[in-house]
Amino acid sequence: MHGRLKVKTSEEQAEAKRLEREQKLKLYQSATQAVFQKRQAGELDESVLELTSQILGANPDFATLWNCRREVLQQLETQKSPEELAALVKAELGFLESCLRVNPKSYGTWHHRCWLLGRLPEPNWTRELELCARFLEVDERNFHCWDYRRFVATQAAVPPAEELAFTDSLITRNFSNYSSWHYRSCLLPQLHPQPDSGPQGRLPEDVLLKELELVQNAFFTDPNDQSAWFYHRWLLGRADPQDALRCLHVSREEACLTVSFSRPLLVGSRTEILLLMVDDSPLIVEWRTPDGRNRPSHVWLCDLPAASLNDQLPQHTFRVIWTAGDVQKECVLLKGRQEGWCRDSTTDEQLFRCELSVEKSTVLQSELESCKELQELEPENKWCLLTIILLMRALDPLLYEKETLRYFQTLKAVDPMRAAYLDDLRSKFLLENSVLKMEYAEVRVLHLAHKDLTVLCHLEQLLLVTHLDLSHNRLRTLPPALAALRCLEVLQASDNAIESLDGVTNLPRLQELLLCNNRLQRPAVLQPLASCPRLVLLNLQGNPLCQAVGILEQLAELPPSVNSILT
């Protein structure tokens, strides 16, 4: 065996590696300790730069050491000549680039480079753009580098058209580039600003069609890549609902005025001020939410003094002015009437479709046809199925209702991991459709039974509803937003999976509550019902609490008018 190199055994190799790691750790710890000692002693000189270089060159994510380097550089700025300082900065930029090669996603390194360039009188921004291009060529999804490029482009005043062309080159090379798509969504509104009268952030139709063609090429090439689908969703866009007072309701019996808004607001804050005029005279009132919580809400109410409800006069006029939204609404309470209200007749587009898209129906219809073509080729593509559903909702939710439900069934089978989310989304859409049908019929009764609902939403739209049927669904709770239903008299919620009644509070007109065959376990869950003063009928048949100890004591705490049915 003479003349042949000895091959180390695996045990010897492991031991050598261990010794090497120990040696590196000792050097690392000693250098770190030396830096901290010098910093504490105020010795901020070039030796600290050398010591921190040894550590950061191997581990660029040591944030404290970057702070040390900045302190040293700030100190040296006052001591070095312009020529020496220029050489120091050049060396620092080179060191930073070497650190980025070790870890291209180092927060500390990119931040330090921003800081350094921000202190130079004449930075070479062209060089920085080239640096970004090199690193993005290696990893086009490096969002640290994208952030830095946006910083450089802003500082160098690079025209948006040039940056858009840069995203073109990267997307052409690889469609799966979320950062490039996102950057386009930032650049296009700058290149094509809309007039003040137009929806902000939206694109001219010719630009939109060109972008839709580009993104269609992307998801027809790789239908499973989500980045193009997200961009497609942005292109079709959504509009912020216009500020509006949806409904104004006055109750003589409760001596209360209730207002619902198009968006949640915090009344009493500096920006959200409500003014109440009664018979053209201002009335100072205290506004509160139906659930009593001081937080943003769609619905706000106030108590009214007896003088403003005097039944001797022919009528009383109530006008609420929302100063921030620059809108107002007025309703009349006639003599002999117990309530009065004013609710605008709104369309589906005004209520819900603005959440989905503001584009023309011709564009949406074209996109729907394209997505259906892709779905025939890729029948199990979840992104395509979801987009089809959303496009149908944006076009005509009632016309496409049955077809939308079929697509939901397919989507749940394709993507079982998100079944709960899809059930909630389906429930949201079904409830929206039911609200629209109720609006068109101009009734105050809403039937939502046997719809397989898993969640309740848009309850602020139901301020005037007197009868609500939620029977035979899959609801597990009744949300606090239910308190917005100030006119509700009958609530049917039997045959669900309800475990809590926390949302059934402060319903001033509730008379009947049917909760048969739910999952109410403990008598204590009935406590919120004590805040419903007119409750007469409470049906609890088929709930576990009917056999629970203490049920009679808990029922005794409810208003004496309540007739409880347990068996």
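Here the Cβ of each residue, glycine as well, is placed from N, Cα and C on the backbone.
Some features that Swiss-Prot has for this protein:
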type    : residues : note
REPEAT  : 44-78    : repeat 'PFTA 1'
REPEAT  : 88-122   : repeat 'PFTA 2'
MOD_RES : SER98    : phosphoserine
REPEAT  : 124-158  : repeat 'PFTA 3'
REPEAT  : 159-193  : repeat 'PFTA 4'
REPEAT  : 207-241  : repeat 'PFTA 5'
REPEAT  : 363-397  : repeat 'PFTA 6'
REPEAT  : 442-463  : repeat 'LRR 1'
REPEAT  : 464-486  : repeat 'LRR 2'
REPEAT  : 487-508  : repeat 'LRR 3'
REPEAT  : 509-530  : repeat 'LRR 4'
REPEAT  : 534-555  : repeat 'LRR 5'
Distant-in-sequence neighbours of the repeat 'LRR 5' (534-555), which means Cβ under 8 A and at least six residues beyond its ends: 494, 508-527, 561-567
Same-chain residue ranges lying at least 6 outside the repeat 'LRR 1' (442-463) that approach it to Cβ under 8 Å: 246-247, 249, 258, 260-261, 298-299, 343, 351-352, 420, 423-424, 426-428, 430-432, 434-435, 469-476, 478-479, 481-482, 484-488, 492
Three-state secondary structure, which DSSP defines for the residue listed as 'phosphoserine': helix
Segment proximity, the repeat 'LRR 3' (487-508) to the repeat 'PFTA 6' (363-397), 3 or more C-beta pairs under 8 Å: no
Helix, strand and coil counts within the repeat 'LRR 4' (509-530) (DSSP): 8 helix, 3 strand, 11 coil
For the repeat 'LRR 1' (442-463), mean pLDDT (0 to 100): 93
For the repeat 'PFTA 5' (207-241), residues assigned helix / strand / coil by DSSP: 26 helix, 0 strand, 9 coil
